[in-house]
Structure formats: structure tokens, C-alpha cells
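Enquirer: Copying in the features that TrEMBL gives for the protein in this structure:
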type	residues	note
DOMAIN	5-132	domain 'CMP/dCMP-type deaminase'
BINDING	HIS70, CYS98, CYS101	Zn(2+) binding site
ACT_SITE	GLU72	active site, proton donor
Amino acid sequence: MNRISWHQYFMAQTHLIALRSTCERLTVGATIVRDKRIIAGGYNGSVSGSAHCVDEGCYVIDGHCVRTIHAEMNAILQCAKFGVATDNSEIYVTHFPCLQCCKSIIQAGIVKVYYAKDYKNHPYAIELFEEASVKTEHVPLDAAALDLVRNLE
């Protein structure tokens with residue numbers, strides 16, 4: 001049996017976290033990693049204690065669900081809540097981060113973004129990442145990683 005790469009390991013974890021999403025429009029997961037150790041995970045959904053979109057529907061204003069916190073922000077805020085530093089860490093996400101999450105990633109000191117799927121890659125987000133020297137890399141989830149998980153059942 002061949003071991004999966006670190007990238008595939010963390011991306012598989014990110015897709016697993018996304019399964020907790022309560023958003024009906026898009027399922028997103030995020031995993032923050034430092035020194036090959038997972039320090040936080042997040043998925044998109046309602047804030048703690050609030051109604052979920054899967055239960056009460058999306059609350060959409062100007063084409064965006066305002067009920068939802070994004071996976072990247074959820075993971076970053078988990079670090080803040082529990083006093084875990086994000087400086088010089090990396091983040092794995094199922095989808096390319098939106099503009100607001102891009103800014104939060106930069107401010108959190110995250111230095112690299114690995115994403116599995118392109119999703120409305122905002123030109124200004126790309127520009128901001130470049131200005132801040134935050135590297136981005138497309139890392140699709142390998143079918144072999146999925147097969148490995150399925151074969152464990």
C-alpha cells in the first residue's frame with residue numbers, strides 16, 4: 001500500500017470537515033496546518049447557536065447568504081477562541097477563498113493557501129495574495145485518496 005502525500009492527507013481532511021457544512025448552496029471545508037500538524041478546522045454554516053440553512057433555508061441578501069460564516073473564517077476564529085497562533089501556518093480549502101476570507105487569511109499570518117477547486121477566483125483576492133506574498137496552489141483531491149478512505153469501510 002502506498003501512503004498518500006501530506007497534501008492529499010490534509011486535503012482529504014478538509015473534504016471530511018466540509019461534510020459538517022449546514023449550507024445548502026455550497027459545501028466548504030478548511031484546515032489550518034502548521035509544521036505538518038492540524039491546528040484547526042472549519043466548515044461553512046451558521047454561527048454557533050443560530051438557525052441552520054438546512055433547517056430554515058438560506059437568508060439571502062444581494063445574492064449572498066448572510067446567515068453563513070465561511071469555512072476559512074470559522075477555522076481562523078477557532079484558533080482565536082482557543083489561543084492558537086496562526087502565524088506562518090498554511091490553510092487547505094475545498095474552494096478558492098472569497099475576497100473577505102482572502103483578507104482574513106492575510107491578516108492571520110497564513111503564508112500558503114492550498115485549494116482543491118476554483119470558485120469565483122476574484123482578481124483582487126489574487127492580487128492581494130500576491131502583494132502579501134501568500135502563495136496559492138491548486139491541489140485537487142486525488143481519486144486515490146478517496147479510494148483509500150472508501151476501502152477502509
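Backbone N, Cα and C define each Cβ position, glycine as well.
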Enquirer: I need the neighbours of the Zn(2+) site defined by HIS70, CYS98, CYS101. Which other residues of that chain put their C-beta within 8 angstroms of the C-beta centroid, in sequence order?
Expert: ALA71, GLU72, MET73, PRO97, LEU99, GLN100, CYS102, SER104
Enquirer: Fill in the CA-CA distance, CYS101 (Zn(2+) binding site) to the residue listed as 'active site, proton donor', as an integer in Å.
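Expert: If we compare the Cα positions of CYS101 (Zn(2+) binding site) and the residue listed as 'active site, proton donor', the gap is 6 Å.
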Enquirer: Which Cβ among the binding-site residues (CYS98, CYS101) has the fewest C-beta neighbours inside 10 Å?
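Expert: Comparing Cβ neighbour counts within 10 Å for the binding-site residues CYS98, CYS101 gives CYS98.
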Enquirer: Around GLU72 (active site, proton donor), how many other CB atoms lie within 10 A of its CB?
Expert: 27
Enquirer: Per DSSP, what is the helix/strand/coil residue tally across the domain 'CMP/dCMP-type deaminase' (5-132)?
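Expert: Per DSSP, the residues of the domain 'CMP/dCMP-type deaminase' (5-132) fall into 47 helix, 33 strand, 48 coil.
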Enquirer: Which number gives the other C-beta atoms within 10 angstroms of the C-beta of HIS70 (Zn(2+) binding site), all protein chains shown included?
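Expert: Excluding its own Cβ, the number within 10 Å is 23.
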Enquirer: Rounded to a whole angstrom, what is the C-alpha distance between GLU72 (active site, proton donor) and CYS98 (Zn(2+) binding site)?
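Expert: Taking the Cα atoms only, GLU72 (active site, proton donor) lies 9 Å from CYS98 (Zn(2+) binding site).
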